[in-house]
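Below is one structure; the comments refer to it alone.
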Amino acid sequence: MTYRTAVMGAGSWGTTFTKLLHDAGGEVVLWGRRPEVVEAVNERHENPDYLPGVTLPESVRATLDPAEALKGADFVALAVPAQTLRQNLTAWVPMLPPDAVLVSLMKGVELGTSRRMSEVVCEVADVPPERVAVFCGPNLAPEIAAGEPNAAVAACVDENAAQRLQTATMTPYFRVYTSTDVVGCELGGAVKNIVALCVGMSVGLGFGASTQAMLMTRGLAEIARLGAALGADEHTFAGLAGMGDLVATCMSPLSRNRTFGVNLGRGMTLDEVIAVTRQTAEGVKSSEAVLELARKHNVEMPIAEAVTAVLYHGMPMKEAAISLISRSPKPERYGV
Ligand SMILES: NC(=O)c1ccc[n+]([C@@H]2O[C@H](COP(=O)([O-])OP(=O)(O)OC[C@H]3O[C@@H](n4cnc5c(N)ncnc54)[C@H](O)[C@@H]3O)[C@@H](O)[C@H]2O)c1
Ligand SMILES: O=P(O)(O)OC[C@H](O)CO
């Protein structure tokens, strides 16, 4: 069976996911909003702004017309910045094929509503959770586009839909597992960005691997704690969408979130870092939404608190570090 997918968003991950679908034997059309990007994909088989140095398959087509991309799609993969999803999807709803599975590739939480991306999709497209999947894992776009060995999780409450997405995305270099834990997978993907901001800050401040490992470990506990409060399966956080993605993002200089934090740690102001960041660092905006979610559910998230205090409330980073370390003494229990 050959699946047809519309990938909505021609940034680094949308373009990489398009290549992955092609390499898995599927038909795929990429929607982009900028004519020069669409032209570069169609005429020169590249997307130099977002994936420099990567040659795309000649048969991959891009379009500026969402209706053309969406026509007859079995899957609609959503790859726009999280905070723009609602507005974009609202415009696309009349063109969505009635049975298509809507796949969130995004790793963010909506500001103002604190909704996860799959929740926004269900609400805006007026579809049940069985029609919405998420795809996540330790996937840094340039490495996947280069065909480096990797894996991800296709999650949907409808196991059959997750399996179809798995089939549509497996290649000889990319392995895909299924899960029905949409909540856990989405939280893993969104909250690790905030931990990566914090790890980046620590790197920028000159701290070493021990501090980074501590932040990742306690960050994972924080993610798991929020997940437990929202009904996620705790095992998810030991998997690719949890620990896997956390480690990749916190360790790699390719991560936009980690790099954002490094620049802050080295002394740039928030405005200066925003000005030099050309791609989406989801954790910057999602941090406040995640914290709001945590407060609603009475979950303590000290790392997320520290990151938002630095980003939005003028707390000096060293003071934030001291406040994290000098919290009241506790036993260490995973997720607590
Ligand atoms: N890049 C990765 O390695 C990677 C991996 C997995 C998941 N993701 C997630 O994928 C999502 C998309 O990120 P990305 O890496 O492709 O970002 P990106 O910054 O590389 O690209 C964003 C794309 O969205 C477009 N865009 C910006 N504002 C828009 C708007 N208002 N309406 C429509 N389109 C708009 C941009 O033109 C660009 O094509 C994010 O949630 C990210 O966390 C990224
Ligand atoms: O570049 P980042 O920080 O958005 O991370 C990209 C992916 O989410 C890593 O899995």
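Start at 1 and count along the chain as shown; that gives each residue its number.
Backbone N, Cα and C define each Cβ position, glycine as well.
Predicted, not measured: the structure shown is a model, and the values here were computed from it.
Per TrEMBL, the sn-glycerol 3-phosphate site holds Lys107, Lys192, Asp245, Ser255, Arg256, Asn257; the candidate it also names there, chosen from Gly137, Gly208, Gly227, Gly231, is Gly137. Per TrEMBL, the NADPH site holds Ser12, Trp13, Arg33, Arg34, Tyr50, Lys107, Arg256, Glu282; the candidate it also names there, chosen from Ala141, Ala145, Ala221, Ala320, is Ala141. For the domain 'Glycerol-3-phosphate dehydrogenase NAD-dependent C-terminal' (181-320), residue counts in helix, strand and coil come to 108 helix, 0 strand, 32 coil, using DSSP. Averaged across the domain 'Glycerol-3-phosphate dehydrogenase NAD-dependent C-terminal' (181-320), the predicted model reaches a pLDDT of 97.
Here the CA atom of Gly137 (sn-glycerol 3-phosphate binding site) lies 26 Å from the CA atom of Arg33 (NADPH binding site).
In the three-state DSSP reading, Tyr50 (NADPH binding site) counts as coil.
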